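Everything below concerns the one structure shown next.
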């Protein structure tokens, strides 16, 4: 992990503070944390505009604007009193060595899960989800995937390290069950017979939130769920700072309502990926990513009952 053997964060792309102004915890495996935030500054699998290695820092920086509220609207409790959350800084790996990255991220995730922690991760390009799925499946078994994106990322293009191929590899490796997985906000071409339920952006924008959530819950069933949110699921008007923006996406309001409605699911791991601050305007992409991350923590805190 970032700081093993050190008392500082030695990532070249991180901040000096954690998400929501949390202090950085340099030995997350030994803490009493419920959820551990990990920054994953990796964008070597990007096919379009690079730069999302700076996503974790951008999300953390703008999250300072969210830290002042005790109870985040519309919730009636302070998530920091319901959950013990720590930020362990950024994963450090040999830059230019994608295999070293995969090995170190999977090892870090396996150690956290073995210690009883859950993970909220900030990418980085979407390829980072694959080693995270490997670690989570080793711990929880085959999972359902709830995937927000403009792209299905199920493309069999023969590339080992590609941010468009993770969900082609994951079913083949037995990590997730496509029959119990749903992809939300899709608006690019994809193979129609890959086994996933695809809710394209047109129907997600036109149908009611309650109707969509009912379908998601039916598809997922009782399986453990991994939740992954590619920020390009949102329309570029809400999230311009990403590598492969696609017009016609979700609004931030609809995305927040959908994430909020996932509270009943057995979510065992979560990530937000593809924030590329070089293309952002007034930090709005980083802000919506940080807000979605906070919402993800709130749906976990809501399971804990009263303070």
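In case you wondered, yes, glycine gets a Cβ from its N, Cα and C as well.
Feature annotations, courtesy of Swiss-Prot:
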- 126, 149, 151, 153, 230, 232: Mn(2+) binding site (BINDING)
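In sequence order, 147, 150, 152, 163, 164, 233, 244, 273, 274 are the residues of the same chain, not among 126, 149, 151, 153, 230, 232, whose CB sits within 8 A of the CB centroid for the Mn(2+) site. When secondary structure is read from DSSP and collapsed to three states, residue 230 (Mn(2+) binding site) falls in the strand class. Secondary structure at residue 153 (Mn(2+) binding site), taken from DSSP and collapsed to helix, strand or coil, is coil. Residue 232 (Mn(2+) binding site): 30 other CB atoms within 10 A of its CB, across all protein chains. Of all the binding-site residues listed here (126, 151), the one with the fewest other CB atoms within 10 A of its own CB is 151. Counting every protein chain shown, the Cβ of residue 149 (Mn(2+) binding site) has 27 other Cβ atoms within 10 Å.
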